Amino acid sequence: MNKLSARISPAPGPVPIILQLPTSSAEKEPRSENILLQNVVSDDSDTEHRSQRICARCSFRAAWRIACGIVLGACLAVSWAWGTHNAKETLLRHPAPFFIIWFCSIWNIVFFPFYYLCQLLVKRQKEWPTAEFRECSRFLGEELTVRTVLKGAAPFSMLWSLSGYLSLLALCHISKVDVSAVLCCGQAFVFLLSWIGLKDRFMGVRIVAVILSITGIVMMAYADGFNSDSITGVALGVGSASTSAFFKVLFRNRVGDVQPGPVSVLFSCVGLCSFVLHSWVCVLLYLTHVEYWPPSQHIPWDKLCVMASLLLVFNMLVNLGGIFTYPSLISLGILLTIPASAAVDTFVTSAMQISHVRVAAAVIISAGFLMLQLPENWDDSTLRWLSTLWHGNWHEDSIVGEEIAVDLVWTARAKPAVVTVS
């Protein structure tokens, strides 16, 4: 190429000029305010629609759980009342309390199959029964064998049988209403054992509830005088409630928080242990004539089956009812066993007489039971709610929201308008 030749490059095109036009404050403010207000209004409308959908969903779910809780609580009270009525009739015809509780404990084997069916209805992701059982039975050990299952569930099976045995012995001395009232005091014993053994939080209101429960027990024991048979029956009922409370605290110590899955596995293992380990106790009691019946005597299998099925329904609703409803409604269903037992007695005998001392004792025990259902932070929540009503914080929240919107508008006013010209 010639050295004198010049390289000519094409001239660049016109460059776009960016001008900042002078705009008056009267022209700038409406545009920025309108744009920001449109964005705020659209965001507020989207938030309102979303919150309305969430609130509608939550309200429907809460209403559904409350309705299920009312139905399950009523079924729980009725099953306990009729179950204790059949138990007392069975004891009159066949006085063998350990054999009866052994027969009823075997029915607990169906706990886990029922829980698995409930999980199939509730869960979207289905699992095989073996995988679900291994997931829920981790508290028994890593390797699941018959030996580890029996070893882990044997203490619970012994406590379960002892509690039921003492309860049936109490039914032989006192009425079904008294037994139901005394067994409602088991929640007070659970709190005491949890406070001592598990180092739970100390609550003054629960100590007051424990005092009320003990007061009701004493009033019920001496309602018929110092030389009556009710003292023995109430003492046996207190022993049954204490054993049941120790069962619950031991489960919390071994497993942790009470969940429906591990509870269902535990009760199925309790039924298995009752069948395998406690059968020889029934044979031993029969051979020693402690619980003896002649071979010609007819065993009331119909009453036994009805009683076992009703108590199984009661235990399932108490331990697995939290899948469908709130635990507080299940607790209220346990409290309703007292009037349900009184109603069954009135309906069956049609001439039931309850002394004023027993009525007062049942009321005191019910008040203590309701106080035990209060959550741990009930005092802080109540004081916060009362302060909100007193000072009107809802009005302050609305004012704060308006101030935030105004600050956003004034922030948008500070930005200059930029126009691009080509």
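Placed from the backbone N, Cα and C atoms, the Cβ positions cover glycine too.
In TrEMBL, the transmembrane segment annotation falls on 324-344 of the listed ranges 135-155, 324-344. By the Cβ criterion (under 8 Å, sequence separation of 6 or more), the transmembrane segment (95-118) is not in contact with the transmembrane segment (324-344), since fewer than 3 such pairs are found. Across 62-83, 156-174, 263-287, the stretch most heavily in contact with the transmembrane segment (324-344), judged by Cβ pairs under 8 Å, is 62-83.
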